[in-house]
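Worksheet: one structure, shown below.
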């Protein structure tokens, strides 16, 4: 408010306290207003106004001006008053104006220029489309592509600021609209895409080296960073050279400088912002894999403790790099960066009270307004008081302003609600919770790993005191000959145990009944076992220490079976992770059986070389496979085709009559029955999916063969759970309440037995592998001829097997290869029975080369669960690159089946060639009859 005294010599002064102003002064209201977004609309004609530039002033003694909400122009346009904070209409007007400007430029441009710019825009949009398409192929639908664009946009903003503000160069919008499409099309995003591909590929490969996300990212930057730096520096040099060469063309020179700065800042944003996004993507992938592995292992029937132990081993624990060690330089850099960031924001926040520039501007504006309207305000006899209202804006009533009004009304409602004393506190609390959750998610991989390790440590037993611990003697250097003596005792009683006299058996039994088995010494626990008071199988549970349980069981069985060999080191048991064995792989454990492991290869399978591990005690088996691999590689390697994937389980059910059994068979064979059973079965697992039901009737017995995909697990436990539930639904929901389940497995599967149903319909993975061997390789490597090899294969593998009435045994030694690979890779060795079903075909091509193929309809393998959770077997799966679950469920198991078929092919080729050349006996005498050492 402003006051002017009655004298003409006085001036207008600002008034804060009305008590200093006479009561009977004349009072006027000054209301400034503007008409915005007029466009083609006419403004209302008003009388008694003062106009200054775009601002109009209404001077009135009444409050009518304050009540103005709506004005009508001569053309009927309705203008509504509002605070000019909404900008939807403004942006729409800007868009329309920009479109009109572009349209005018197009009309005035030459045809060639229009075509050139159009091609540039097409190339730019294609580059953007290619960015998202390639990122999608990498494994990100939207976010990595969007993050790449944001990274480049930040580089553009930084470069634009430096160019226009620091270098004071003019970059017209027209130059940007014409130059940016060419720039994007030429530079592209190839280096960033390659970086993302390298990062995600390194993570897949890192499962063998267990690197964490920072290490994986660091390795990718080391590999891809120099290429990014080389390309960007080359283009920066080119743009700067162009700016010097075309210095007389200001527009081109300025844009070239801008482009060079964009590339320079792009290096910075790629190595900071985009790298951070990639690191987050890595950790999210790690969490996804851990969750997927946990669910598959639990579906496969493993205990929670075993699952946690496997997850700990398979987590990206991380190898040491410079990022792991505490670095003073890195810490100082981080603190300095954060300090500068907050300092700049604090300075910006405090600039108003540091310089007070805004106050000066406001004062100048106020007196400018006073000078413009002072002549229109009469001075009263007792002075005049003027109230200056905020500027009021009038906008034409059109669609954009109506939408804007609705949006502003909604925002205003939210703003009012947010200021409520209760709602504001709730929002603050929700913000705190949200921030905490986001911090948790950003560190979720490390938190996940840490908590997993802590949980495993809690579940593992505490270390015992010296008197109850497994006694391990100090290492003693002995001669090689001494290590084979049966009298060598690996574990003798500890000093504390020997010094302490054993308590009477009755006292030991009382301590056992009181639950104090852990406090007993080893010999006392052995006495409980030999007395029949403590079962052998309960040692792990009672002692809470798996390793100690194994040691005591060895001593107990040594006494019970009078087998002192168990007190020697002939059957080792130390240095083994029994936590994975207990509840998953074996019971009543007394040690582990070392097997020699050889490697055959490299064998090229579908264009990729593999070194295939084989655990065997048969001499010349690995050598035979190696010879086959060499011959196959000379022909270009193995080509494989997977024709079917489905594990089976065949329960047997019984009905009161043949009629009811037949009705159930018809229902199961119908589309309705298949669909109902699929719904019931699929509800039991995320991974098991029922493919088909096959039925067979024998009297009133009905055999149902469930064929199911089971992801990367071999799937017997997973599918059994689904079968039990589906049969339960049949009796309780589907109307077959008179059905009785005879057995969940009715041998119609068929598991671990030779059966025509597996040979005909397949079980597990059905794979066909083929290779073409040059005739020169047959002669030089296999030491035979194509004709002789083909002849032996027909007479032996086909006619000979037919004469024997074989089912699926039309091969030379498929079981040899399958079993050796299964033992090395943690597969079920008993399933070599059906997995070894194979027919080997060999023919001579028109060129005289040898074509070999093996067809194996029932390879039963998995890359999670079972023996694959053990570290030695798991490490061999890592050697093949198929350990654990794949990103595409089931892909690792399918690839493993192809590897098995391929090594069988090499073994078949080598053995048949040896038979054709008459070398079989000679090779076995050389490799399998080595003289025993004395």
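From the backbone N, Cα and C atoms, a Cβ is placed for every residue, glycine too.
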Among 382, 682, residue with annotation N-linked glycosylation site (source: Swiss-Prot): 382
Of 91-111, 112-132, 196-216, 280-300, the range Swiss-Prot labels transmembrane segment: 112-132
Membrane_side_equal(residue 135, residue 278) from Swiss-Prot: yes
The transmembrane segment (257-277) vs the transmembrane segment (142-162): 3 or more CB pairs under 8 Å: yes
Cβ neighbours within the same chain of residue 626 (CoA binding site) - under 8 Å, at least six residues apart: 600, 601
Folded-back contacts onto the transmembrane segment (112-132), same chain, C-beta under 8 angstroms, at least six residues removed: 106, 142, 145, 148-149, 178, 180-182, 184-185, 188-189, 193
Criterion met for the transmembrane segment (232-252) and the transmembrane segment (169-189) (at least three Cβ pairs under 8 Å): yes
Spatial neighbour of residue 382 (N-linked glycosylation site) that is closest, considering only the binding-site residues 624, 685, 717 and their CA atoms: 685
Cβ neighbour count (within 10 Å, all chains shown) around residue 628 (CoA binding site): 30
Closest of 618, 624, 628, 828 to residue 713 (NADP(+) binding site), Cα positions, recorded positions only: 828
Reduced DSSP assignment, residue 626 (CoA binding site): helix
Within-chain partners of the topological domain 'Lumenal' (163-168) [C-beta distance under 8 Å, separation at least 6 from its ends]: 254, 257-258, 261
Residue 628 (CoA binding site) versus recorded positions 685, 752, 828 - nearest by Cα: 828
Rounded to the nearest Å - Cα separation of residue 687 (NADP(+) binding site) and residue 618 (active site, charge relay system): 38
